[in-house]
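Take a look at the structure below.
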């Protein structure tokens with residue numbers, strides 16, 4: 001007998017305790033409700049008796065009829081719940097008249113006082129006061145009767161519930177669980193694949209189905225294991241690599257045919273008949289033996305693909321690649337290993353090493369030549385940089401002089417129109433040549449990696465408007481609509497190299513004006529996000545100019561590139577966009593282009609700038 005350790009006993013105990021708790025709570029609640037109901041009824045009757053007494057006593061007390069007053073008090077005392085009744089008035093003999101029960105009455109005493117008023121017509125005259133005391137002994141007796149009824153009903157319900165639960169648990173739980181236990185015992189005894197009929201469509205029925213499936217899977221797994229062992233044995237015997245197992249002392253437990261033949265024996269049986277010690281079947285240098293033992297003791301993964309030189313009993317040297325690891329089965333330790341014959345590969349590697357040494361000599365010679373070539377290239381680059389730095393001043397000085405003299409000559413009012421036209425041509429050509437030289441110098445600095453940004457706090461709106469002012473007049477002279485759209489959420493001051501940003505904007509806006517003959521040119525700047533002291537800006541230059549094809553877009557940012565013969569009529573070095581792209585990349589962005597031929601272009605880039 002399992003006693004209270006059985007599932008049935010625990011279920012019945014739990015259900016019984018739950019039913020008892022529900023019955024006690026329900027009975028207590030019912031008792032409280034009944035008590036409150038009886039008390040409310042007593043208080044209501046108390047109020048009615050007091051009101052009736054006040055009305056009935058008003059006339060006799062007005063008429064000073066003591067006998068009638070006493071009779072009314074006796075009438076009130078006929079109610080078993082009335083403990084005492086008393087009236088007080090100056091018209092009575094000693095000022096009051098009282099009736100009370102001679103014996104003590106139990107329960108709580110409820111007292112109610114009331115005024116006695118005589119009404120004659122519309123006039124109301126107080127004639128005295130009254131006091132009426134009632135006892136709760138009656139309702140307490142009724143309540144005890146109710147409690148006894150509830151206790152009896154609860155006991156009957158519990159008895160019925162226990163009997164029903166006993167039958168229900170036995171039929172629905174114990175017997176199915178017992179059947180499952182029998183099935184588990186059959187499987188534990190080795191009767192894999194044993195089945196139990198499923199007679200129910202509930203949780204226990206589904207559990208029985210799962211037990212049946214588990215038993216079938218165990219049977220299938222055991223069958224697969226036997227087949228796997230057979231396949232493993234076949235692989236072990238027929239593998240091209242040598243496979244072996246030893247105990248902790250190095251005595252062979254088994255080896256396959258490939259290892260036996262590798263050691264110079266015709267079969268595994270012949271090798272085992274000769275000796276079960278690996279050291280006697282193959283000679284291994286002592287230092288290599290110590291090396292293998294040290295690796296086994298220090299590395300959990302064991303020995304992995306270790307090349308070793310061994311000598312067979314016939315005196316034939318062989319190179320093998322050994323992999324060896326420990327296998328622990330309870331308290332027993334054994335080793336499993338695999339040996340591959342790499343004699344031919346080792347010889348090939350030696351030949352390869354000789355070729356590699358020769359190749360390394362060739363590479364060293366070529367590396368020396370390449371180093372010398374790179375030194376010459378670096379020297380040429382430094383010479384170019386020194387030349388550009390030196391000639392920058394030499395180029396600009398005479399051009400500035402020519403531009404200055406041409407401007408002075410244009411101020412002379414005595415020159416003819418033809419002379420003024422030629423002076424203007426000199427001025428335009430000089431400015432164009434000066435811009436070309438500046439672009440070449442900037443491009444050289446970019447290629448040499450000598451361009452450095454100098455971020456400073458700048459007024460963003462002022463910088464953008466200043467960049468537009470120098471090109472607004474040129475656009476209006478061509479009859480173009482030049483507009484600027486600045487986001488209202490733009491930060492006031494940002495940390496940026498204002499000179500380089502203005503250079504990029506001037507180049508993009510100048511190109512837009514240059515390649516647009518009708519329509520408009522737009523500079524649009526938006527604040528994409530702001531927070532934590534930074535702002536991400538989207539800067540766009542949009543025009544309705546000639547537009548670009550896909551092929552032209554692919555070559556747009558290459559130095560000295562003007563995208564088509566149709567555009568070569570426009571002046572320019574073809575360096576502006578390439579320089580601008582490099583500057584924007586230094587700022588952390590990238591210029592991108594969207595364009596449709598004969599409809600216009602959109603140049604845009606994003607910058608993430610600190611806000612100050």
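Cβ atoms are placed via backbone N, Cα and C, with glycine included.
For 12-30, 149-169, the entry in TrEMBL reads transmembrane segment. Under the heading domain 'HAMP', TrEMBL lists 171-223. Positions annotated as domain 'PAS' by TrEMBL: 228-269. Annotated domain 'PAC' per TrEMBL: 304-354, in sequence order. Taken from TrEMBL, the feature domain 'Histidine kinase' applies to 390-611.
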DSSP assigns the residues of the domain 'PAC' (304-354) as 12 helix, 32 strand, 7 coil
Overall pLDDT for the domain 'HAMP' (171-223), taken as the rounded mean: 74
Secondary structure content of the domain 'PAS' (228-269), with strand meaning DSSP E or B: 19 helix, 11 strand, 12 coil
Which numbers of helix, strand and coil residues does DSSP report for the domain 'HAMP' (171-223)? 39 helix, 0 strand, 14 coil
